[in-house]
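Participant: There's a structure below that I have some questions on.
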Amino acid sequence: MNTRPEQASKDTSGLTLQVALQRQDFRLEIDLELAGHGITALFGPSGSGKTTALRVLAGLEPAAQGRVCVQGDMWQDSAQGVFKPVHQRALGYVFQEASLFDHLNVQENLQYGFKRTPASERFRNWDHTLDLLGIAHLLKRWPHELSGGERQRVAIARALAASPRLLLLDEPMAALDAPRKAEILPYLERLQSRLEIPVIYVTHAIDEVARLADQLVLLEAGQVTAHGPTAELLTRLDLPLAHGDSAGAVLHCSVVSHDEADHLTLTRFAGIDLVVPRQNAAVGQTLRVRVAARDASLTLQRQTDTSILNILPASVLALSADGPGQVMVALEVGGSALLARITARSAHTLGLVPGLAVYAQIKGVAILG
């Protein structure tokens, strides 16, 4: 096995996807430049082209026209007659159902992926991969002995064992129940921070997007309707994600201190303090915090006789109708964006207009990781 220290990928120029594919009455058109690391989520309704986009990246749609370049390696350039078939593309592909070899145990499944790559092209450390997915204790087990979450972790590890330059995850949690999703999510979070290759993650679950994705691509009927940082797109009132009961903002907060007596942790984002339930996190560590729009209320004056701990100075950016009698308010707080879903009557009573200074009262937060 390769036990030498893991090396960074040979090129960090990122991923270029400029392609078009016509299928009867459906047309996929994508023009994207993506970062060379981190998780990019493809999000959209069924039939929007998410899985088709992955298939184009993998070389499974030879009819697609355009360019695919991954970390400086041109996989497809139709104008130049370049098209590498799937077996010549250094990628890992994980589907909804973990496709493990039932006649091989976990270690043998991983060795299959490991041996696919010539020794000279291996940069993925074997032990690092086991640690990343937390599967060292599973090596002698057979696929039928694994839970759904364990099977997916092994499938991802097998894909990584081949030292891919790109990892494609096609709704890897769609077939899992809630407990198994909770089991695998912390390991998927590790991919976000510890892999030096781009990860393209297809999902239709907004909670997965909020927790995992650095960048977000919205697809509708084969077209890219928006692309950018996840935190930004989740709070744009011109996009559907910023509306409805599931709307909310994602903040990246640094741990400042812990209050052991009251079981609280003080965090800070953009110079703004945010108190959260006690976290097992080191001072200086960054936490991903989600504030649901339904958990934010607004006042014109700072309240002192309240049980709410987080009362943040804010200014109104924009307002948008959000269902019968409801208004979604976009707020700026220390340069970051928040959402508050309030009644239309409250918005009228407070006289909310863009630029108005208010206080956002945060009733609760969710620590995503």
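The backbone N, Cα and C atoms fix where each Cβ goes, glycine too.
Feature table excerpt (Swiss-Prot):
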- GLY44, PRO45, SER46, GLY47, SER48, GLY49, LYS50, THR51: ATP binding site (BINDING)
- 3-246: domain 'ABC transporter' (DOMAIN)
- 305-369: domain 'Mop' (DOMAIN)
Participant: Using the Cβ centroid of GLY44, PRO45, SER46, GLY47, SER48, GLY49, LYS50, THR51 as the reference point for the ATP site, which residues of the same chain not in that list have Cβ within 8 Å?
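Facilitator: Surrounding the site, in chain order, are THR52, HIS204, LEU219.
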Participant: Any idea which of the binding-site residues SER46, SER48, THR51 has the thinnest Cβ neighbourhood at 10 Å?
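Facilitator: Each of the binding-site residues SER46, SER48, THR51 was scored by Cβ atoms within 10 Å; lowest is SER46.
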Participant: Which is it, of GLY44, PRO45: the one of these binding-site residues whose Cβ has the most other Cβ atoms within 10 Å?
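Facilitator: Max Cβ neighbours within 10 Å, all protein chains included: GLY44.
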Participant: Within the domain 'Mop' (305-369), how many residues are helix, strand or coil going by DSSP?
Facilitator: 7 helix, 36 strand, 22 coil
Participant: Rank the binding-site residues GLY47, GLY49 by the number of other Cβ atoms within 10 Å of each Cβ and report the first-ranked residue.
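Facilitator: Per the Cβ count, the most surrounded site is GLY49.
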